[in-house]
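Presented below is the structure to which this report refers.
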There are 4 protein chains.
Amino acid sequence: MVRYNADEVIAVKKISASLINRVIQPRPQESHKGTFGRVLVIGGNAQFGGAAIMAASAAVYCGAGLVSVATAPVNRSALHARLPEAMIIPYDDPQLMALIRTVDVVAIGPGLGTDELAASILSHTLKTVKDSQALIIDGSAITLIAEHQLTVSHARTVWTPHQMEWQRLSGIAVRDQTPLANQTAATKLPGTVIVKSHRTELFTPTASYENPVGTPAMATGGMGDTLVGMLAGFIAQFGLSDDVVSAAVYAHSAIAEELAKTNYVVLPSMLIQQLPNYMQRAAAAQV
Amino acid sequence: MVRYNADEVIAVKKISASLINRVIQPRPQESHKGTFGRVLVIGGNAQFGGAAIMAASAAVYCGAGLVSVATAPVNRSALHARLPEAMIIPYDDPQLMALIRTVDVVAIGPGLGTDELAASILSHTLKTVKDSQALIIDGSAITLIAEHQLTVSHARTVWTPHQMEWQRLSGIAVRDQTPLANQTAATKLPGTVIVKSHRTELFTPTASYENPVGTPAMATGGMGDTLVGMLAGFIAQFGLSDDVVSAAVYAHSAIAEELAKTNYVVLPSMLIQQLPNYMQRAAAAQV
Amino acid sequence: MVRYNADEVIAVKKISASLINRVIQPRPQESHKGTFGRVLVIGGNAQFGGAAIMAASAAVYCGAGLVSVATAPVNRSALHARLPEAMIIPYDDPQLMALIRTVDVVAIGPGLGTDELAASILSHTLKTVKDSQALIIDGSAITLIAEHQLTVSHARTVWTPHQMEWQRLSGIAVRDQTPLANQTAATKLPGTVIVKSHRTELFTPTASYENPVGTPAMATGGMGDTLVGMLAGFIAQFGLSDDVVSAAVYAHSAIAEELAKTNYVVLPSMLIQQLPNYMQRAAAAQV
Amino acid sequence: MVRYNADEVIAVKKISASLINRVIQPRPQESHKGTFGRVLVIGGNAQFGGAAIMAASAAVYCGAGLVSVATAPVNRSALHARLPEAMIIPYDDPQLMALIRTVDVVAIGPGLGTDELAASILSHTLKTVKDSQALIIDGSAITLIAEHQLTVSHARTVWTPHQMEWQRLSGIAVRDQTPLANQTAATKLPGTVIVKSHRTELFTPTASYENPVGTPAMATGGMGDTLVGMLAGFIAQFGLSDDVVSAAVYAHSAIAEELAKTNYVVLPSMLIQQLPNYMQRAAAAQV
């Protein structure tokens, strides 16, 4: 893949390690689970149920106060067998729209699929999300938006395409996805765009960032879903900002780097398990 | 939130660490599982199944002799995948009332929901519980009692509202929940009231207590369900008394404090896993 | 409970620690999974599914070559979520009787229940088991045999009643279950009787044994099911003899004693997890 | 079992430990999950669902980029409860053939069973697999091919019979399975034949190998399924060659040998868990 040197073309900041310590702060003493935010993950059809499970697990293990999952009902037993901490609602339940209104962060897309039901859930979700809520659009939801040419105007949006999804959404072929081209396309979308690759890039309305950490041990199914859950959990706790989104991206890779010292492949379930300890060290300025 | 200084208004005792060692004693050699009590958790509808799983797990892991769960049948696989030690009965099974009569402790409410079925199960349970049995009323069950203005006259009751549930039950708005106001309202209810917050308070017919330990790392979904299971397990093993209820509340927070040294968020499943070891140390006077 | 001094009345041998090393031998190099025997656990109705899961898990983790479970179909997901190593067949499948004929050890009873279906499965199993196969009769199956006055004439039988089940089977009230009375009743049954209590007794056609180890930390639901699985796994690997049955009983308690040093309650799943390591140490004469 | 001395009859090379380090290389920095290959496991009927779960788990834990499982729908919850990283499709879904065309490695047979549905799935799979794809034929699929005398002409095939399956496929009785006889029969089949025993043999079109490592602790149900998953994962990452197949066979036994130092029986789930660490050490030339 031909790539321009990012630094020559546009101002791309490298996310710094110290950002982690700034974003992940010791928790306030006077707090309750509501203090740390409500997350709703919408995803997981009958084929890709694991994606929603991994996203929800990451949100819980990084500290979101309350996490619900709207998913295909067949995923119920596996979700609760792994994560009794989460609540579940069938994603075709009419109550879903009411539930959306009660949360701080909606993450839609992990394993959602691209059939009519998925398109309908996505469309209703886009109409229901309020300005004050954060919205993460991932995976199948990105493909659906590209295919159905849906308009998203929600300012507090975070997009998490991998390179093929970004091609579908931006129209830029993978080999042409230079930082400049990506940045130009990203500015046409509301919110922040995270283009995932072996060196993930972030494009916010005001700046561009590159993630300096990461390891090929992360190149395995489910890692993107795990990032979605971390983004949701970070935003639920720390608010939506360039710093917070960058910190989630950085932490995701930094934990994987640590685990890769002793593991040839870093699986999502291993990374998720490590989140509480990594974040404690971050809050104590020990990473 | 405006709060009066508790010590000026009413005599509030701080639960002392040494209580743990007094309550958690080495087990008698001549014993069998019946010696350590039978617990029944009633809860977990289709949306909140994890709550019943966590409560039952806490009861098993803190040492209750036999634990059954009455829950929505859809929760069966996840319950047994996590906890084969528990028995299960659908919560709408006519045999439930017979089962209630065979146990030492009934804990109703975790994830029960507030629909008609839940109200009916609660109402039948309240009628079925005998004077000799301990009854823990939590979560949705508290909301149902408040909404339906059900009368509870069972003396051996432990109530475990969080602040919003306490508002519904007592009529005291969260911001007005001072120790004195809470105590006054609690005396109108039979048994012991545990008002959960970042510094949980206990009101028994004869005294008021404050829990001096705890950590914001506990502020996550399912922690209340875990406390319910611990209360059930403690009462099943050690009997119902101010000391035993206080010890369960204290241990719940003390374990979380230990885990919070290396974890930014302490999840219910982590706390539950730690119970057998913490209690062994308590019995050996090492905590 | 009034108890005579066993040594004054009948010759009761204490199982010795060295037996473990004699029974658990290093595995032969030229071997395959068939060498280590085939086990079939029949049990686990809709209420007590965990019992069959724990029994099967113990059989797998102590080294049985191949383990199948005949159980209520609702237990499938939880069984495989915990134990993919086991195979499953619905216990009302007509193929069950053919499956019985292919195994070395049949263990019937854990969580089987006592309804008509359970009675029918038990009755068919008793008719199907061949002389060369070992048969373990536990829990509900013992109750059914007592209630329905079924005749068992299979010589290679191991009975595992707890004290209440033994009362039903032998007609001896729990308080009258002295070693002499138990021995006398046991001789009327074919095979070996293990009367489980805080000091478990074994009665074989030729001798009586007492288990000198154990801990009240074992007094929790599922410990009996775990013993059934260990008995099945030991017999599958080492054959049926006084020594092998005694070794399984001893090892079950010895592992629990080890775990009880750091755990107030020893749960079946903890004990099962420890089996491969304990047995390795036993084979290396390190326990 | 009478066995000739392999070295006298045909040239049988022992797989060398250093092969592991040659095959398992540090991952390229510029990579994504597609780089590490797509695996499809087809297997797991209602009785043998664990086999497909173990094979898929091994593929994921040794580093395959994306793993899908085509299995009986009843296995869904257990699969995802253990392995959210995998995707699932019912094995009788008409979309299966389209899915086959998208993967790099198809592994068919673990727990597939031998009924008409299984035969039909196998037959359609054999017709659908393209020359460029690797095909692993295991367990029930081997039995079906032998029973139905199906013709397999796919050059990139790896066969993994145990001795009884090899008897069915080759017509050579187990006691007559000498290296020479095995080699002669293997040359009549396309691809590589792995005859599993306590000293597994590999026959490729150009050479014969013996696996010098292994332990009787591996003689337990599911170990063969685990090997299938490792073969799939190795081929997905490193390509199909004598070296890669040999390395998977060697690593499978070498990990078991390590675990057998502290475990009397090495269960598939234990071996699978160890894969990421073993492979990291292999890539760093530390095994």
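Just so you know, the numbers here start at 1 and follow the chain as drawn.
Each Cβ is built from the backbone N, Cα and C atoms, and glycine gets one as well.
Automatic, uncurated: that is what TrEMBL annotation is.
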Q.
Quick check on the annotation: TrEMBL has A:Lys196, A:Ser197, A:His198, A:Arg199, A:Thr200 binding AMP, so which of A:Gly171, A:Gly224, A:Gly229 does it put in that site too?
A. A:Gly224
Q.
Starting from the (6S)-NADPHX binding annotation in TrEMBL that includes A:Gly111, A:His162, A:Asp225, which of A:Ala51, A:Ala283, A:Ala284 is the extra site residue?
A. A:Ala51
Q. Relative to the Cα of A:Lys196 (AMP binding site), which of the binding-site residues A:Ala51, A:His162, A:Asp225 have a Cα no more than 10 Å away?
A. A:His162
Q. Any idea which of the binding-site residues A:Ser197, A:Thr200 has the thinnest Cβ neighbourhood at 10 Å?
A. A:Ser197
Q.
Helix, strand or coil by DSSP: which one applies to A:Lys196 (AMP binding site)?
A. strand
**Q.** Local backbone state of A:Ala51 ((6S)-NADPHX binding site), from DSSP in three classes
**A.** helix
**Q.** A:Ser197 (AMP binding site) versus binding-site residues A:Ala51, A:Gly111, A:His162, A:Asp225 - nearest by Cα
**A.** A:His162
Q: Would you list the other residues of this chain near (6S)-NADPHX - those whose C-beta lies within 8 angstroms of the C-beta centroid of A:Ala51, A:Gly111, A:His162, A:Asp225 - in sequence order?
A: A:Gly43, A:Phe48, A:Met54, A:Ala55, A:Gly109, A:Pro110, A:Asp138, A:Gly139, A:Ser140, A:Gly221, A:Gly222, A:Gly224, A:Val228
(Q) Give me the long-range Cβ neighbours of A:Asp225 ((6S)-NADPHX binding site): same chain, 6+ apart, Cβ under 8 Å, in sequence order. (A) A:Gly43, A:Gly50, A:Ala51, A:Ala52, A:Met54, A:Ala55, A:Ala58, A:Pro110, A:Gly111, A:Asp138, A:Gly139, A:Pro268
Q) Hey, of the binding-site residues listed (A:His162, A:His198, A:Arg199), which one tops the CB count within 10 A? A) A:His162
Q.
Applying an 8 Å Cβ threshold (strictly under) against chain D, tell me which of the binding-site residues A:Arg199, A:Thr200, A:Gly224 fall inside, in sequence order.
A. none
Q) How many neighbouring Cβ atoms, not counting its own, are there within 10 Å of the Cβ of A:Gly224 (AMP binding site)? A) 24
Q. Roughly how many Å separate the Cα of A:His198 (AMP binding site) from that of A:His162 ((6S)-NADPHX binding site), to the nearest whole number?
A. 10
**Q.** Cβ-Cβ neighbours of A:Lys196 (AMP binding site) (radius 10 Å)
**A.** 23
